[in-house]
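Some notes on the structure that comes next.
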Amino acid sequence: MKKTVKILLILITVFLKVHCNGGHDDEAADFLSHTNIDDPNNSSDPNKNSDQGDTMGEDEDRLVIDLFREYNFLIRPVKNVSSPPVVVDFGVAMILLINVDEKNQILQTNVWLTMKWNDFQLAWNPAEYGNISNLHVPSDRVWLPDIVLFNNADGNYEVSFKSNVFVDHHGDVTWVPPAMFKSSCRIDVEWFPFDEQCCTLVFGSWTYNSEEVRLHWYNNIQAVQLHDYSYSGIWDVIDVPGQLVHKPDLKENKMVFNVVIRRKTLFYTVILIIPTVLMAFLSVMAFYLPVDSGEKVSLTISLLLALVVFLLLVSKILPPTSNIPLMGKYLLLAFVLNITAVVGTVVIVNIYFRSALSHKMPTWVRKVFLEFLPHLLVMKRPERIPIFNGYFVEEYCASEIFDASLVMPSMTATMLPFLQVTTNLKAASSTSSGQSSEHHENCSKWKKRLSIRMSKRRAPRARLDDDSEDIIDDTNGNHVDSLQEKISKEMKTTVEAIAYIAEHMKREMSLKKMRDDWKYVAMVLDRLILLIFFGVTLGGTLGIICSAPHVFDFVDQEAIISKLNAKYLPSDMYS
């Protein structure tokens with residue numbers, strides 16, 4: 001019985017000792033488990049058996065236990081309510097510009113945030129702890145300023161990776177967490193694709209006002225740090241200034257960083273600008289295409305459809321803002337010019353196929369398009385030389401049209417007298433009735449030339465018989481009636497048929513001449529519109545594209561980064 005009581009007393013004593021000592025060391029033991037600092041009492045590493053290792057481990061273990069024995073990471077590190085605000089030195093270093101989503105107006109960046117503040121509870125005397133001057137502890141064990149990105153675009157306001165904090169013996173805490181932010185950025189598409197954007201990163205405390213937590217520049221660097229920046233293949237960084245905004249009346253304190261970037265235009269120049277410019281000038285060449293090819297309207301409509309595709313492409317890239325992008329303006333100009341080209345082509349085709357039977361050419365059209373504009377456009381029209389039975393004649397004369405030498409060079413000598421009789425009869429009839437029988441001023445000249453040509457081509461004709469000579473001699477005077485009676489019915493029919501054929505050919509040549517006039521009007525109009533469209537297209541191309549402020553600027557990204565580092569970084573950091 002006595003032995004049982006002694007055993008119970010011993011167990012109660014052990015239980016009380018364990019309970020009292022265990023509660024005291026719970027917090028330190030839990031912290032050690034997170035900081036990877038081994039408990040010297042439970043160490044299984046044989047290397048820790050050395051004197052130096054034991055001393056270091058014991059000092060660090062003791063330091064951690066002493067620092068966090070009564071430390072509360074939920075309380076702002078101030079001694080009392082009336083103490084000054086906690087000053088947080090804040091800085092941003094941009095590592096990579098990942099993407100600029102123009103459609104959704106989002107800037108995606110990879111940055112390193114730098115925050116430094118003083119926590120008086122984490123100060124110690126290094127001499128008391130084996131000259132240990134700093135510690136690396138988990139960030140969830142110390143108080144952290146709740147600084148977030150205000151203009152966040154994806155709902156993730158905090159950093160994704162909570163790195164360790166660096167604590168020195170003065171109580172200064174430095175935290176450098178990496179973060180990948182998606183921030184809202186107002187995209188100005190007015191000069192696309194030669195655009196320059198200014199995106200902002202706004203940081204501040206989410207719950208503390210300026211009387212509780214106040215932001216200052218880290219190392220007095222009033223800009224985004226670029227010393228570890230990796231160049232982007234799409235955008236060039238132009239400037240990265242920062243601004244500290246402090247509004248005492250609103251107790252507001254925040255930092256605004258402006259990231260000025262400029263687009264690299266080579267990709268869009270090759271993919272978008274050059275094809276659009278070529279299509280615009282190709283629509284001009286539609287007016288150089290002959291109407292007879294039948295492809296003028298098809299070419300202009302095909303180009304119109306291609307421009308519609310490019311317009312849809314630009315609309316899918318850019319956001320639907322109130323500003324019209326530069327490329328949109330040029331595509332709109334090319335679109336309007338192409339529609340005008342379709343209308344002009346239809347009008348030209350309509351004019352080209354007009355004839356004297358359907359349209360009568362007005363006098364002003366003849367003067368403007370056949371006389372004035374050809375000289376102005378340096379267009380020389382070929383001489384109108386109709387072809388009649390293989391011989392070149394400038395114009396037809398009423399008297400010579402029935403001459404057998406002009407109509408049928410191979411006609412036999414027997415029929416020639418009768419044709420000459422008919423010609424002389426018409427001439428005599430015109431003279432007797434008081435009508436003018438004067439020929440065109442060139443008729444005699446052409447008649448003489450044709451007589452020479454005809455004499456070289458045909459053999460000497462047989463002499464006319466006596467009856468024929470008598471008929472020819474008797475055509476003058478009062479023997480007209482008697483001579484007509486001697487002509488046989490067959491000869492009359494032949495002469496009338498030849499006269500009808502000649503008259504029909506004369507009429508066809510006259511109609512052809514009028515059709516050629518309409519065709520020439522269409523050619524002049526084609527040339528006029530071609531020059532106008534070429535001038536408008538060239539002027540519009542140069543005027544719209546060259547109006548961009550940075551179209552001819554060359555950006556040396558390495559030189560700009562070096563210049564910005566020299567401008568914003570302290571001399572000791574830059575060197």
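Just so you know, the numbers here start at 1 and follow the chain as drawn.
Each Cβ is built from the backbone N, Cα and C atoms, and glycine gets one as well.
Taken from Swiss-Prot, the feature signal peptide applies to 1-20.
Residues or ranges marked as region 'Disordered' by Swiss-Prot: 31-57.
As annotated by Swiss-Prot, compositional bias 'Low complexity' applies to 38-50.
The N-linked glycosylation site feature in Swiss-Prot is assigned to Asn41 (among others); the stated evidence is sequence analysis.
Taken from Swiss-Prot, the feature N-linked glycosylation site covers Asn42 (among others).
Marked as N-linked glycosylation site by Swiss-Prot on the basis of sequence analysis: Asn80 (among others). The local packing around Asn80 (N-linked glycosylation site), expressed as other Cβ atoms within 10 Å of its Cβ over all shown chains, amounts to 5.
Under a cutoff of 8 A between CB atoms, and with a sequence separation of 6+ in the same chain, Asn131 (N-linked glycosylation site) has no neighbours. Sequence annotations record features per position, and here Swiss-Prot assigns N-linked glycosylation site to Asn131 (among others) based on sequence analysis.
Summarising the annotation, Swiss-Prot assigns transmembrane segment to 271-291 (among others) and lists sequence analysis as the type of evidence.
For the transmembrane segment (299-319), the list of distant contacts is 102-105, 187, 189, 192, 272, 275-276, 279, 282-283, 286, 289, 325, 327-328, 331-332, 334-335, 338-339, 341-342, 345: same-chain residues at least six beyond its ends, Cβ to Cβ under 8 Å. For 299-319 (among others), the entry in Swiss-Prot reads transmembrane segment, with the evidence type sequence analysis.
Feature annotation from Swiss-Prot assigns transmembrane segment to 331-351 (among others); the stated evidence is sequence analysis.
Tertiary neighbourhood of the transmembrane segment (528-548): same-chain residues 191, 194, 273, 277, 280-281, 283-285, 287-288, 326, 329-330, 333-334, 337, 340-341, 344, 348, 373, 377, selected by CB-CB distance under 8 Å and a gap of 6+ residues from either end. The transmembrane segment annotation in Swiss-Prot covers 528-548 (among others).
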